[in-house]
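Quick look at what TrEMBL lists:
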- 46-65: transmembrane segment (TRANSMEM)
- 80-100: transmembrane segment (TRANSMEM)
- 112-131: transmembrane segment (TRANSMEM)
- 143-162: transmembrane segment (TRANSMEM)
- 167-183: transmembrane segment (TRANSMEM)
- 222-250: transmembrane segment (TRANSMEM)
- 223-406: domain 'ABC transmembrane type-1' (DOMAIN)
- 271-298: transmembrane segment (TRANSMEM)
- 385-402: transmembrane segment (TRANSMEM)
Amino acid sequence: MAIERNLKSGQATDPRLQKRYDFFQRFQHSPDRTLIHPLQIPKWSLTLPALLCALGIVLLAQHLISLGTYTVNWTIAFDLNSAVAILILVTGAVSMALKARHNLKELRSTQSIISLVVLLALAGFFFARVLNVGTFTYTLQTLDSNFLVSLLLACGLVFLAFRGSKFASGILFGLFIWWGFNIKDFDWLNALQGLFSSSAGAKLVKELLPPDWTYFGNILDALAITIQTAIVATILGVIGALPLSILAARNTSPHPIIYNTIRLLMNATRAIPSLVMALLFVPFLGLGPGAGIMGLGIHTISSLTKLYAEAIEAVKPQPIEALTSVGANGFKRFRWGVLPQAFPLLASYTIYAWESNGRDSTVVAFVGGGGLGFLLQANLSLFEYANVSVIIIVLVITVMLLDRLSDFVRSKII
């Protein structure tokens, strides 16, 4: 601080202190962006630490340097219902405080009161254990020092990337790709050799070809059920996603609490694969198309809600502000200000969801939905590979036709 005061006041200082001060000043500021050097000249105050961090991560991850492991036997246990309820209350309080930081009257608005009621209802739902999510318990038996130090070095790379070092960003991306390919107990060389030298694979190809086309007549009904499942699931997805996306978009959501709640629910739902979702409906609806339709439909709702909300957030605010200035209510602002701008993206996402459901409906049929997936599973279990090849060919042709049809519809709508 004394050096900085002397430099600012123009007093003479030691040249070595001057150089040291200049170094730390350069380190604090991001690299200058110029059109002359669009790829950015390396800034060694950021590049050198990034190189050292990357080298340390590689050496520690490969255990070329071993810092040892320690037995700790730490146990973490807490009630998830209470934790979720507290998290909901804290998150909601922060959201309301941020929205009302410039205008305290916002806390007494109707939207804030409704949001508070929703917040308390959600917290009470978990506190009352209407849905008991149990007690989280985890025991950490050993502590790997290499992993901890690698994590700290990775945090250093993230810091350098935020300071403006594109080199650190590139290293982070490269390390992420390297980690993705570094699968435990998996040998890439043996896998590549097995693709071209496996006798079992060669036998499977011989049994798949030629297809037994006498089986074609048995799959027509299953093909119709597969397409119908995709249609119904897409319609359910659109009906459910459109109102939810309005609540999940920043520029149309009544309150941050509602926005965050809908986003959280949709993220949690989207994390469950459609096949697992269909399996969860089997005890309620039994084996058949119903479980597949509901599982695929709810998964479509969660996916389209995110896509629709992003399309709504991307609209220009000027038309909405103009409608607001002439006294238009919320429905009219959405109908004439948001929907005309977002409609091309909404239509495109809907068509994409239909294409995706056309493929996924085959997978959810594995739970007994009666579609092509059910026949595919049955023939695989019986080792009727000649019939399997017929089903695969029909499925590929169907998906290609659906893709061309969706392109035609998209060209007429958008």
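Cβ atoms here come from the backbone N, Cα and C positions, even for glycine.
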Non-local residues, at least 6 beyond the ends, that sit with Cβ under 8 Å of the transmembrane segment (46-65): 27, 31, 146-147, 149-150, 153-154, 156-157, 160, 163-165, 167-168, 171, 175, 182
Close approaches to the transmembrane segment (222-250) from elsewhere in its chain (Cβ under 8 angstroms; 6 or more beyond its ends): 258-259, 262-263, 266, 289, 292-293, 296-298, 300-301, 303-313, 334, 350, 353-354, 357-358, 360-362, 364-365, 369-375, 394, 398, 402
Chain residues outside the transmembrane segment (143-162) and at least six past its termini with a C-beta under 8 angstroms from it: 46, 49-50, 53-54, 56-57, 60-61, 63, 65-72, 168-169, 171-172, 175
